[in-house]
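**Q** Next up is a structure, given as structure tokens.
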């Protein structure tokens, strides 16, 4: 079965062998109608898209693509506004800086780990005082050690 090649054919230009589809330029009234409909419902069903397409005089698939593109544009804009990029490496705001643990701190923690793999809060507090690290970092250090060095058997 041969594909129709008439210029008025409903098939996309690609299917007709004519290359890429021509870009649809929306008139101001079409854009207004699309935006108004989007404000009411950014995820319209087939019936709503068909009614809108008929009202503005374009094929329904073009309306569907417009809605997909508009959702994508708004999501991208929202991300840009809510999370500005402070530097060349991207957003780091809100993240705690990585704690550098010295060799002497590591030695103290390793000795404690050899004694007890699951220290209680009081023991972690004591280790925190001894090392100068926050208790939360001591807690995480023990979790990481247990993950790296599982108990035998």
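Note that Cβ sites are derived from N, Cα and C of the backbone, with glycine treated the same way.
This is the feature table in TrEMBL:
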type	residues	note
DNA_BIND	19-78	DNA-binding region
DNA_BIND	94-153	DNA-binding region
DOMAIN	17-77	domain 'Homeobox'
DOMAIN	92-152	domain 'Homeobox'
REGION	1-23	region 'Disordered'
REGION	73-100	region 'Disordered'
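Tell me about the setting of these features in this model.
**A** The average per-residue pLDDT of the prediction over the DNA-binding region (94-153) is 93, rounded to a whole number.
Per DSSP, the secondary structure of the domain 'Homeobox' (92-152) breaks down as 38 helix, 0 strand, 23 coil.
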